[in-house]
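Notes follow the structure.
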Number of protein chains: 2
Amino acid sequence: MSKKPLILVTNDDGITAPGIRTLIKVMKELGNVVVVAPDSPQSAMGHAITINSTLHLERVHIDSGDQPEYSCSGTPADCVKLAVNEILDRRPDLCVSGINHGSNSSINVIYSGTMSAALEAGIEGIPAIGFSLLDYNYNADFEASESFVKQIAKNVLKNGMPKDVVLNVNIPNLKKSMIKGIKICRQARANWEEEFDKRKTPQGKDYYWLTGKFVNLDHGEDTDEWALTNSYVSVVPVQFDLTAHHCIQQLNTWNFDD
Amino acid sequence: MSKKPLILVTNDDGITAPGIRTLIKVMKELGNVVVVAPDSPQSAMGHAITINSTLHLERVHIDSGDQPEYSCSGTPADCVKLAVNEILDRRPDLCVSGINHGSNSSINVIYSGTMSAALEAGIEGIPAIGFSLLDYNYNADFEASESFVKQIAKNVLKNGMPKDVVLNVNIPNLKKSMIKGIKICRQARANWEEEFDKRKTPQGKDYYWLTGKFVNLDHGEDTDEWALTNSYVSVVPVQFDLTAHHCIQQLNTWNFDD
């Protein structure tokens, strides 16, 4: 009988969030689970790492499970680095991050702490998946997510991942019977139209809250936004080679001498 | 006579860093400059944005120049969002970020606050460049950088940028006479081998400092690492569509039904 896979679980909503508790439950059906996750919410942290401050790890027991769990004072990317270098005694076979409370589809991948953990694992050569549910509520219902999370993780454990690629999985906020299936997609070209909420402090000084409206500029039927709007789970293969290879030839025509 | 270009200048080392002061000086030769930059260092912030906290802007005068300058309590990406939405009365013709004290070549682009500002501008449709000098010292010598920064910015103002692409420019830490020229490159496949420095608090509890060794796994002569090692300025076109398009066909062979 083959050895059970070793699965590292992390997230960006913090180690006690219902999303990661669901993810731990599902992963325990597939392998031996170790949890290293932030001790507090780290949403929108992008790919931040902690270089000018100390990092603290704490062994914790959140629920009755027997999986080792560590809460970490750092970012999601820090959690992965610490797990691989200081906690695990071998490289994990899979790193999963999430389930995020809220979408990380299209351009949100850039701002996402959930996906930064998956990307960090990918950079270290570990197959990795970020999962997100399109419901920002703390008490979101993760039940429908469970079977999709399991199917996708099983495929990664069985097939491996293409080199230098991780998966960005988003799940529509629907009952399971309403979800039509899983679609492999590309990232939609969308952005946020910011609207700053300008206020005054009690002392009369201006300050701002960042708010905004999500605008999808891309009506392709092969995008993650299309899949989610049409009741599919979206799976986008994501790479960390950001080179726009198609532009190199064009830039070589520029003249840098005058 | 044509209107002078409007140039937004930001960085991640903070508004008083010598690197941004050099960048401001060079950009003033090319257009009208407005500065919106963090009030404190934000290195390794990745693409973090501030959504759970308030943002503050302060009009400041750092040196004798007449350019409007604002220090911002947020991240580099916040600075760009606030500049475009709350400060500038029209869209800038160019956004430049840096000059960073230290490399943002190869995989460092993922962790880089400097590049997150450029990417944020790119997402908003503004031509954008991140500049970095391969010298981490506060008192780095930016003199050789000046002419390369100017040549590259002039090209972007003249030619425009390819759609949804920004430039990641790294400059070797050499005298100008030693730099051989500018090379358009792809991002090298490199990573950091972390080494955590484990210490004990005065109370006997473990804590960690993140340190590490940069390892270039990619010996291609078309990479930014090759260019920098061989005394060239590296220019990598960077995109924020992270889709690994080449993997979609392969992932479509996976079976999600069993």
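Cβ coordinates are placed from backbone N, Cα and C, and glycine is handled just like the others.
Annotated features in TrEMBL:
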BINDING   B:Asp12, B:Asp13, B:Ser43, B:Asn100  divalent metal cation binding site
DOMAIN    B:7-194  domain 'Survival protein SurE-like phosphatase/nucleotidase'
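Sequence features annotated in TrEMBL and their locations in the structure.
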| residue | record | Cβ neighbours (10 Å) |
| --- | --- | --- |
| B:Asp12 | divalent metal cation binding site | 31 |
| B:Asp13 | divalent metal cation binding site | 24 |
| B:Ser43 | divalent metal cation binding site | 23 |
| B:Asn100 | divalent metal cation binding site | 31 |
To what whole number does the mean pLDDT across the domain 'Survival protein SurE-like phosphatase/nucleotidase' (B:7-194) round?
94
Cross-chain proximity of binding-site residues to A (CB under 8 Å), evaluated over B:Asp12, B:Ser43, B:Asn100:
B:Ser43
Given the divalent metal cation site residues B:Asp12, B:Asp13, B:Ser43, B:Asn100, which other residues of that chain have a Cβ within 8 Å of the mean position of their Cβ atoms, reported in sequence order?
B:Asn11, B:Gly14, B:Ala17, B:Gly19, B:Pro41, B:Gln42, B:Pro76, B:Gly98, B:His101, B:Gly102, B:Ser112, B:Gly113, B:Thr114
May I ask you to report the DSSP-based helix, strand or coil state of B:Ser43 (divalent metal cation binding site)?
coil
I want to verify one value. Collapsing DSSP to three states, which class is B:Asn100 (divalent metal cation binding site)?
strand
